[in-house]
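Q: One structure is given below, represented as structure tokens, and several questions about it will come after.
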Amino acid sequence: MGFRKKNKSPPVLSHEFVIQNHADMVSCVAMIILLGLMFEVTAKFAIMFITVQYNVTQSVDERAEQVNLYQYGPKDIATVFFYLLIAVILHALIQEYILDKMNRRLHLSKTKHSKFNESGQLAAFYLLSFIWGCSILTAEEFATNPTFLWEGYPHTHMVFQVKFFYICQIAYWLHALPELYFQKVRKEDIPRQLYYICLYVFHITGAYILNLHRLGLVLLVPHYLVELLFHASRLFYFSDENKQKGFTLWALLFVIARLLTLTLSVLTFGFGLPRAENQGFSLAKGNFNVLTIRMTCLAAICLTQAWMMWKFINFQLKKWREHSQSQASKKKAFSPKSKPHKKDLARVGSANGVVKSDDKTSPRERKAKAS
């Protein structure tokens, strides 16, 4: 990890050297871009990396004031790259100064250590994204008018908060790809993490390019809330295995979030957009309201939700089996020992040379009979 003080430094440019000092290297690249603002020759290029591009000024109909809106374009790639560097630096800071200190106190195994780091990083990101997304949605009309998801499509213009939100989202999930190498993720965990990272990049970038940022934002906020609850519950579970109540609430909200996602998607692609005024395909106007694209988007969302439900059901079945096995083992451990029968005692006594007679007379009577 970056920012750590090592007694023995590995060879320069070796794998271990890059892994230990990747945050320092990335921060140097970010500093070079920021220093470019100080010189007039490089300022034009540096601004393209740091600030949000494609500003459009529009005047409100009933007011004299003007509003700054934004579109997307190729220069957004540079902006995404810069905030990808910032995400790598923040990732290293959270790992070094928060998660590593907690790991030392908990003394977790290697498997739990890896999952704890993953949940700690994702919980911080989901919390920030959820609060940010809610603040954007409170300024929109979705709470009172859900038709704003498709009314006026194509939504080529965005306010600053919406565009910057999408830039940061894409940058974060792209930064998660090199972090698989920097964090030395186990080989068996790489496919699982690659699946959800690629799904996030695909869906968020698709919503951004197809001018479906309203629908994407509305679907991301409840999804991030559910994921935040899951990773927070997992962090509490690693600290104390008796704290499992959060998983029950997460399971309930997970199903509700999947139903909400499917409902809003079908409503938008199957009902709203087909009845919108602007129909057709136009790259110049940013209009992608044709049947092929609508059905492709809807199919992608439905398949993703079905895959998530399949993983969820398998996860719940696995937990149920583990719980039933633990309960069965506990019953065996605390069950009372069965008392041996009289026949078994007689057999044991005969084996030891002691024969128990079935005669119920007293010893005096037996002596009298013998005399």
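First residue shown is number 1, and so on along the chain.
Each residue, glycine too, has its Cβ placed from N, Cα and C.
Model, not experiment: these values are computed from the prediction.
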Q: Pick from 40-59, 120-139: which range has transmembrane segment per TrEMBL?
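A: TrEMBL lists transmembrane segment for residues 120-139.
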Q: For the domain 'TLC' (114-323), report the average pLDDT of the model, please.
A: 92
Q: Counting Cβ pairs under 8 Å to the transmembrane segment (120-139), which of 80-99, 194-211, 217-237 comes out on top?
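A: It is 217-237 that shares the most Cβ pairs under 8 Å with the transmembrane segment (120-139).
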